[in-house]
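Read the structure below first, then the notes.
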Amino acid sequence: MLSVFNAAEMFSLILTLATLITGIVFALDKFVWQPKREELKQENTGWVAQARSMFPVLFAILIIRSFIIEPFQIPSGSMQPTLVPGDFIGVEKFAYGLRDPIFHKTLIPTGKPQRGDITVFIDPSNPKIDLIKRVVGLPGDTIIYQNKTLYIKPACNGQKVCPVAKEVPKQYVGLTKFTELGTDLNEYKEELGKVTHHILRDPALPEQINRYYQQPGQPMGVWVVPKGHYFAMGDNRDNSLDSRYWGFMPEQNLVGKATFIWISFTFNHNPDSMWPHWLPNGVRFNRIGSIH
């Protein structure tokens, strides 16, 4: 049952309805009205002509946005340093299956999220919002996050000797330009499966373990990922509201896989600037490219 829409879903609904309506007009005009006009030697003018011209454009946009690539804007710093506010990214809609644009039902399965993927998904606790996080845990995995250290015990899928929990390798890089409440954040290079990426930690902020989601039957800070779900975390580890706090990401909430930054704007306006705050005042060309 579809009870609420987020902004992306509302746009998808409007786009789908507009495509459907103009498509019906296109078909009626081509097969019914046009032959009658030709008999009377009349021209196609007015709203019918406009609808016919709009249909191919709307149809192309619907196909591209629903099944190929959809643009998203990064609004917060929870994925820093990988993604920063003002980044505009392309999200592959076919990475985890072709889905209908309204109800997100899988029409054709094409793949599953892998450890280290950056995914866009509908917030399980607030369906009006899309989130972007990195996949850390797969179905059946045991995730342990204690003392700001990540451990993963991969799922035991019929092996004679099941995997044991191991710390995810990371290497200290140094202090960064990123700050939180005046504190310079520490940067680490982390090896998450086949993906090497960078994370941030706040040395001044203690671990918020008392706020973690406690899975029934598990101690605080330990989670066993259920079937059909994933465990997702932000790269800005101490400034990300993710699976540690609200639980698991359902597979049906997946929107797609973030693969590249196509443009990145700055919005650093002076307090006394007359420039509207929602308009960019610069472009970061060095950020354009693939995402890891």
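In case you wondered, yes, glycine gets a Cβ from its N, Cα and C as well.
All annotation found in TrEMBL is predicted automatically rather than curated by experts.
Copied from TrEMBL, the annotated features are:
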- Ser78: active site (ACT_SITE)
- Lys133: active site (ACT_SITE)
- 51-262: domain 'Peptidase S26' (DOMAIN)
- 51-69: transmembrane segment (TRANSMEM)
Around Ser78 (active site), how many other CB atoms lie within 10 A of its CB?
21
Which value does the mean pLDDT take for the domain 'Peptidase S26' (51-262) in this predicted structure?
94
I want to check the contact list for Lys133 (active site): same chain, sequence separation of six or more, C-beta distance under 8 angstroms. What comes out?
Ser78, Met79, Ile118, Thr119, Phe121, Ala232, Met233, Gly234, Ser240, Asp242, Ser243, Met249
